[in-house]
Amino acid sequence: MTQITLLTPDDWHLHFRDGDMLKETVPATARLFQRAIVMPNLLPPVTDAKMVIEYRERILAARPEGSDFEPLMTLFLTNDTTEQDIIDAKAAGVVAAKLYPAGATTNSDAAVKALDALFPIFEKMAEVGMLLLVHGEVTESHIDIFDREALFIERNLRRIVDAFPTLKVVFEHITTKEAADFVMSASDNVAATITPQHLLLNRNDLLVGGVRPHNFCLPVLKRNIHQEALRAAIATGSSKFFLGTDSAPHEKHRKESACGCAGCYSAWSALELYAQVFDDLGIIDKLEGFASIHGPDFYGLPRNTSTVTLVKEKWTVPSEIILPNGNPIVPFFAGEEVSWKVKS
C-alpha cells in the first residue's frame, strides 16, 4: 500500500506549554489533529475551572487563522482538589482530570502525595462523567526508574479500577508489558495511550553509543521486550489502545544540558511515525482505528468526519525548529528519514 486515507485523527495526550511556546506548539498539532487532550502541568498547574478557561483562551488565540482545532481541557489533581472543583470544572467543559504522582514528571511537584484521600474525588468524577487520566509511576527515590510503572499498577491502579468500576480510566503513555497486559485484562472502562517513541525505540536508543537527550522522556524508554509488547498490543487492533503523542517541547539548551529535561517534541512528525510503525508491522489497515476511532469512542465524543491522506514518500524531519523567542528546539526524530508523508 502506498497511500492511506484516515478520518482526521486526534491526539489524546500532549503538552502545549504556555506563553510564546503556544505560537509553535498549537499550530504544529493543529496541522493534522482535530482535537487534543491538553495536559495541565503548567507553572502554576491548572487546578480550577477559572484557570482552565483562561488557558483554553490562550490556546485558541494561538491557532492558525481559519483553524477549527479544538483543545480538550484537563484538570490537575492535587490533595487539595475538592468535589466542588470537579463540578465546576465539568461545567467549564473539562473532559478529564489528571493524576500525577508528585515528582513523576515536569511541573508535578504539587501533585498527589496521598492517593486514598482522593477517593471521594474519583467518586464524584464517575458521577459527573469526567475521565481519570493517569501517569502511572511510583516516585519513591529508592525504586528503580525502570520498575516504577509496573509497581504503580500493583500498588495503586488496580485499587482505583476495582474501587470505581464506572470511572473511565486512561493509563497514559504506557511503556511496559505489564501495563499492556493490565489494560487488556481490565474492564471496558480502562484504556491506554501509546506514544510514537515507545513504539519506535527502546532504552538502547537512549543509552548505547552515548546519551541521546532528545530520546529522553518520562516514563523512560524500557528494554526491547516491552517495546515489542506495545507493538503487539496495537497489532491486535484492540479499541483499548489509541494515539497519544505525549509531545512535550523543551528548548534545545534545556535538553542538551548536564541535567536535561524529559520530553520528546513529536508534533511535527507523530502521525507519519505512527504510520511507519504500523506499516513495518504489516498492520497499516489498523492505523485509522488507533489514530481516529478508538479515542473518541472511549471518550464518548463524535468521530471526526474530515479526512487526512498519507502517502508512502520519504522525507527528513528538520534538525531543529526556531521558536518565536528565537531559541531552537529539536523535534523528535530530528534529521531522520520517515517513510510516510502527509499529502499536501
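Even glycines carry a Cβ here, placed using N, Cα and C.
Just so you know, the Cβ of D246 (Zn(2+) 1 binding site) picks up 27 other Cβ atoms within 10 Å once every protein chain is counted. According to DSSP, D246 (Zn(2+) 1 binding site) is assigned to coil rather than to any helix or strand. Annotated Zn(2+) 1 binding site per Swiss-Prot: H13, H15, K98, D246, in sequence order, evidence recorded as sequence analysis.
The annotation substrate binding site is assigned in Swiss-Prot to H15, F16, R17, N41, H135, L218, H250, A262.
Other C-beta atoms found within 10 angstroms of the C-beta of K98 (Zn(2+) 1 binding site) number 26, with every protein chain shown included. Marked as Zn(2+) 2 binding site by Swiss-Prot on the basis of sequence analysis: K98, H135, H173.
When secondary structure is read from DSSP and collapsed to three states, K98 (Zn(2+) 1 binding site) falls in the strand class. Residues or ranges marked as N6-carboxylysine by Swiss-Prot: K98.
Summarising the annotation, Swiss-Prot assigns active site to D246.
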Cβ-based neighbourhood (8 Å from the centroid) of the Zn(2+) 1 site, residues H13, H15, K98, D246 excluded: L14, I37, M39, N41, L133, H135, E172, H173, G244, A248
Sparsest Cβ surroundings (other CB atoms within 10 Å) among the binding-site residues H15, H173, L218, H250: L218
K98 (Zn(2+) 1 binding site) and A262 (substrate binding site), distance between Cα atoms, whole Å: 18
Distance check against H13 (Zn(2+) 1 binding site) for the binding-site residues H135, H173, L218, H250, keeping those with Cα within 10 Å: H173
Between H15 (Zn(2+) 1 binding site) and N41 (substrate binding site), the C-alpha gap once rounded to whole angstrom: 8
Those binding-site residues, out of F16, H135, L218, D246, that come within 10 angstroms of H173 (Zn(2+) 2 binding site) at the Cα: H135, L218, D246
